[in-house]
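Each remark here refers to the structure printed beneath this line.
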Amino acid sequence: MGFVRPVCMTILFLLIVFVLSAPSSAMDLPATSGGHNRSNEEVEFIFQMWMSKHGKTYTNALGEKERRFQNFKDNLRFIDQHNAKNLSYQLGLTRFADLTVQEYRDLFPGSPKPKQRNLKTSRRYVPLAGDQLPESVDWRQEGAVSEIKDQGTCNSCWAFSTVAAVEGLNKIVTGELISLSEQELVDCNLVNNGCYGSGLMDTAFQFLINNNGLDSEKDYPYQGTQGSCNRKQSTSNKVITIDSYEDVPANDEISLQKAVAHQPVSVGVDKKSQEFMLYRSCIYNGPCGTNLDHALVIVGYGSENGQDYWIVRNSWGTTWGDAGYIKIARNFEDPKGLCGIAMLASYPIKNSASNA
């Protein structure tokens with residue numbers, strides 16, 4: 001029976017290679033057998049495959065690879081234990097799988113504060129008697145959502161949230177989807193502190209108004225670091241303008257649903273949990289607070305097996321979550337919404353198809 005172990009390892013190798021060659025998402029894993037722990041050999045092999053998938057390399061200084069491997073093992077154990085419970089969502093080996101939870105939190109420390117909101121709360125989407133909202137909405141199917149983007153290690157989620165909301169609105173109003181420049185916001189919208197501060201989408205919307213629009217991603221591409229504002233580029237060739245912006249009434253998921261039925265909406269969430277860090281698929285209803293520290297965009301909503309959810313676009317590339325998206329439980333018992341998703345919702349306004 002000496003051939004059994006090599007055969008098993010060959011099967012494991014082929015399974016993991018298949019997973020790594022599949023469309024990008026948080027890495028799926030071969031299940032553990034009967035709840036038993038994985039062997040060190042298996043974990044080391046998965047770690048090497050994960051490193052290859054994410055282009056990870058480590059220096060030998062101060063035992064960095066050993067520390068990262070230990071973090072990876074801890075996260076893999078956490079994933080296996082969670083997925084064995086058959087809860088409403090699954091975890092996987094995201095790009096953060098070699099980090100401790102504290103390192104993950106420190107990577108994007110920005111914290112948009114609801115008290116910093118501009119006084120732009122509107123009753124535009126407050127529910128009215130007789131309202132009949134669609135049971136489900138998915139702006140991706142309407143061609144109003146560009147491909148998933150990646151903010152890298154720059155704390156620029158606010159810029160990606162702003163841009164995605166404006167891209168979607170422009171498609172709805174003009175019929176044209178244009179990928180816009182987050183880098184212009186990072187470099188030129190100084191009040192939001194680029195990669196280093198707690199940017200707000202409202203402030204970025206106001207910048208677009210003052211700046212007479214925003215350039216395309218093609219003409220002002222993303223660099224992942226904060227640079228000097230290219231004033232020449234920033235004041236010419238504007239491809240999209242907006243007229244105003246408004247805030248959804250805070251702590252009101254029904255108003256938020258009505259807003260999303262009309263357009264993609266920028267939101268803030270609390271992303272600090274290990275479950276959020278390692279989210280892979282299905283409807284997330286896991287632990288999280290309401291101390292907002294990350295900006296995303298709701299691009300739709302729906303229901304599945306009696307559970308309502310939001311379709312939320314992230315800016316961590318396609319190897320996190322469900323190809324870059326997360327479904328967050330909707331109509332949560334707390335009016336702030338799960339992870340505070342109803343606390344800081346806002347959207348741009350465009351009154352005509354002209355971008356002049």
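Each Cβ is built from the backbone N, Cα and C atoms, and glycine gets one as well.
The Cβ of Cys157 (active site) has 26 other Cβ atoms within 10 Å, all protein chains considered. Mapped onto three states, the DSSP output places Cys157 (active site) in helix. Taken from Swiss-Prot, the feature active site applies to Cys157 (among others), supported by sequence analysis.
For His294 (among others), the entry in Swiss-Prot reads active site, with the evidence type sequence analysis.
The annotation active site is assigned in Swiss-Prot to Asn314 (among others) on the grounds of sequence analysis. Under the three-state DSSP scheme, Asn314 (active site) falls in the coil class. Spatially close to Asn314 (active site) yet at least six residues away along the chain are Ile148, Leu296, Trp320, Gly321, Gly324, Tyr325, Ile326, judged by Cβ distances under 8 angstroms.
Under a cutoff of 8 A between CB atoms, and with a sequence separation of 6+ in the same chain, the neighbours of Cys154 (disulfide bond) are Val186, Gly194, Cys195, Gly224, Thr225, Gln226. The feature disulfide bond is assigned by Swiss-Prot to Cys154-Cys195 (among others), with similarity to another entry given as support.
For Cys188-Cys229 (among others), the entry in Swiss-Prot reads disulfide bond, with the evidence type similarity to another entry. Sequence-distant neighbours of Cys229 (disulfide bond): residues of the same chain at least 6 apart with a C-beta under 8 Å from its C-beta are Glu184, Asp187, Cys188, Leu190.
The feature disulfide bond is assigned by Swiss-Prot to Cys288-Cys339 (among others), with similarity to another entry given as support. In three-state terms derived from DSSP, Cys339 (disulfide bond) belongs to a helical segment. In this view, Cys339 (disulfide bond) is surrounded by 34 other Cβ atoms within 10 Å of its Cβ, with every protein chain counted.
Under the three-state DSSP scheme, Asn37 (N-linked glycosylation site) falls in the coil class. Of all Cβ atoms in the protein chains displayed, 13 besides its own lie within 10 Å of the Cβ of Asn37 (N-linked glycosylation site). The annotation N-linked glycosylation site is assigned in Swiss-Prot to Asn37 (among others).
Remark: Asn86 (N-linked glycosylation site) has no non-local neighbours by Cβ distance under 8 Å and separation of at least 6 in sequence. The N-linked glycosylation site annotation in Swiss-Prot covers Asn86 (among others) and rests on sequence analysis.
Look at Swiss-Prot and you will find 1-26 tagged as signal peptide.
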From Asn37, Cys288, His294, Cys339, the recorded positions whose CA lies within 10 Å of that of Cys157 (active site): His294
Rounded distance in angstrom between the Cα atoms of Asn37 (N-linked glycosylation site) and Cys288 (disulfide bond): 27
Secondary structure of Cys188 (disulfide bond) (DSSP, helix/strand/coil): helix
Sparsest-packed of the listed disulfide-bonded residues (Cys188, Cys195, Cys288) - C-beta count within 10 angstroms: Cys288
